[in-house]
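The following features are taken from TrEMBL:
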TRANSMEM  B:20-39  transmembrane segment
TRANSMEM  B:51-71  transmembrane segment
TRANSMEM  B:78-97  transmembrane segment
TRANSMEM  B:103-123  transmembrane segment
TRANSMEM  B:130-148  transmembrane segment
TRANSMEM  B:177-194  transmembrane segment
TRANSMEM  B:231-253  transmembrane segment
TRANSMEM  B:265-288  transmembrane segment
TRANSMEM  B:308-330  transmembrane segment
Amino acid sequence: MQRKLLVTALAVALCLAFTPLAMAKEIKVGGLFDITGPTGAVGKDYAAGAVAGEKYWNQKNVLGGDMLKLIPNDYAYKIPEAVNLYKKYKDVDRVFVIQGWGTGDTNALRPLVNKDKIVFFSASYDGNLTDPKKNPYNFFIGTSYSTAIRLAMIYAKDQGAKKVVFIYPDHPYGKNPIPAGKDYAKKLGLQIGPDEIVNLRAIDATSQLLNMKKFNPDFAWIGGTTPSTAVIIKDAAKHNLGTKFMINCWGFDENLPRLAGKAAEGRAFGMLPVAPFGANVPGMKDVVAAAGDKPTTLHFVKSWVSMMVMVEGLKKAKAAGKLNGPGLKAALETIKDFNTGGLCAPITYTSTDHRPNTSMAIGGVKDGKIYLVKDVNFPRQKAYIGW
Amino acid sequence: MPCGLFFETYQKDESIFPTLWLKVWMIALGLFLLTFPFFSQTVSDWLGINVLNLFNLIFIYIVGAHGLNLLTGYTGQISLGHGAFMGVGAYTAGILANLGWPFWLALPAAGLMAAAVGMIFGIPSLRLRGLYLAIATLAAQFILDYAMRNWSSLTGGSSGLIVPAASIGSLTFDNDFNFYFLALGFAVLATMYLKNITRTRTGRAFVAVRDRYLSAEVIGVNLFKYRIMSFGISSFMVGIAGGLWAYYITIISDEHFTMWLSVQYLAMIIVGGLGSVLGSIYGVVFMVTLPELLRLPAEALTNVYPDIFVIFSSLREMVFGIIVIIFLIFEPDGLAARWHTVRAYWKLWPFSY
């Protein structure tokens, strides 16, 4: 009798001990980041932001007891490696949401994501991804590259530019917005010079810039990452080019003034989908605290916002009792004018338009620091969904 | 009980599975491989690795590694272009599949196209040997790499080319489970082919060319013919591997078929064992599995210290490199040689002398 009692007591004790574990469900989130690959220079900060975001929202317990579990992995910007990791996340970890990275791999995974109904947040703001008819499960948080390049052309035109040139690496990310940029430049009546290819790991851009000098453009678009952008800017200063540079969002950050020095001042203008790290906006306090004492860049803010929007979607999906891929997708599509505390423009997704927003800021460099030149806004036109 | 192998006929000496034990083990291995997908999910969950995906990659790379081993290990010609030849196969299969060709036609076409390209770049092998040939094939790598990236109308450029899943009749190989049997079939075929070709007249001619080309020529081996043939067969196999890969991953871009892949192929057969059928298999298993295994401690540690993940990712590449170097220092003849040593030890144990 006593033995039976003991066993029962033990069983009850065990059950009690494990109850919190059983109740706290884990929501696994796959993470594809580039740490060691060609875009690792900006990828590191992005990955760190996602990791910090996971910790922050778990501490705030926003999902009513459910815990986020980010499974971060480095795929070194290799598409096959991304496919391998994707298969692991799908079959082994059974995730229904992934925080992804580059343009090439995000596009490569599109068919799989749609087939498996896994929500895919990416750090690639490729305009093609914003058409839910073609890519119902793809989401991102910043102004698309195509919109950014159109805004850059408008800004250049406003500054009195007549001639533009496009400089980009031979990568999906670099090449992605170029057709949209050229199309819009033509519409604005700008004269387009020959393209220049500068690779992400370039340490010299002299030949390309000398080539460009013959055309002598007023403005040039740079579609690289920060290190290659710094190389271009420095070489442009060295050869006394009067050209000003409009830089896509992965090539302009807090490291650029450090890498390019004085050359960046008055010459480099970046398209900023999110506020620079440490900017004076209400949402930034938590971000800075989460980053600890390490100085970081606006790429950290980007992934933070990406996690923030994902959490918002998860909250809604949970309230609807549909914590799965289709449930999260439907929940995200109800998000309207979501306030990120000024970290980026208010975010809206609908079932017919996955463009998060169409406004951003243009940043410049002064005294080794980023300052805001201007807020710009592109009208949300139906014709531009999906490109 | 005999403590060694005693053959009384040449036929027995040349047999593929000389002992009963070996036959029993091979049957066991065959059964294991055929039934593995049915319990692979359990293994995957337990290990935290998608093992079915790993096996599929291993099978595909085995086909290619056998090809390179025939060229480098058996015929003695170094190629640094096999990554690109694999790309030629992949793109051929991908483009033909998009044109509506069935799998069973597109795949051989991929092999043939790669063979044709490989033979063209193999022509310098008549005059060039060793490092010079390596550089000539390296040029092939760069030329093909450039073509794949910039011939966008054909290859989709750096955005890649989407390939439909393979299907034969009503059977579609659109998931890891189905593809496993297809890839296993090709790996077995390639292994059997390599094992058999090395036992034929042609195979012996290859080895003769490798060991001393002058003597080979003196005894009547047509050097040019065999060198080009070796390039052809080898590129055909790596082209088939590329075709399979395209059908498996279902998206191909130039990023995969860079010099890094060529070097990786070479590393596979060197780590495994040059001029050995088992060598290519061991090498592939080692090179494909190790990076996955190295991910495990990183993931485990990330659970405890989330911030460490960034540092660990960079370390992983380094550890991988170091392990390969250590391997080459302590086992320069490759894993296959080590395997023979271990087997010989146990065969004679405890009466080794």
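Glycine too: its Cβ is placed from the backbone N, Cα and C atoms.
Scored on C-beta pairs under 8 angstroms, the neighbour of the transmembrane segment (B:265-288) with the top count among B:51-71, B:78-97, B:103-123, B:177-194 is B:51-71. The stretches the transmembrane segment (B:103-123) and the transmembrane segment (B:231-253) are in mutual contact, each linked to the other by at least three Cβ pairs under 8 Å (pairs 6 or more apart in sequence). No contact links the transmembrane segment (B:78-97) to the transmembrane segment (B:308-330), because fewer than 3 Cβ pairs that are 6 or more residues apart lie under 8 A. For the transmembrane segment (B:308-330), same-chain residues at least 6 beyond its ends with a Cβ under 8 Å from one of its own Cβ atoms are 267, 270-271, 290-291, 294-295, 297-298, 301-302. Tertiary neighbourhood of the transmembrane segment (B:51-71): same-chain residues 36-37, 40-41, 43-44, 77, 79, 82, 86, 176-177, 179-180, 183-184, 186-187, 190-191, 193-194, 197, 206, 230-231, 233-238, 240-242, 244-245, 248, 265-266, 268-269, 272, 274-277, 279-281, 283-285, 287-289, 292, selected by CB-CB distance under 8 Å and a gap of 6+ residues from either end.
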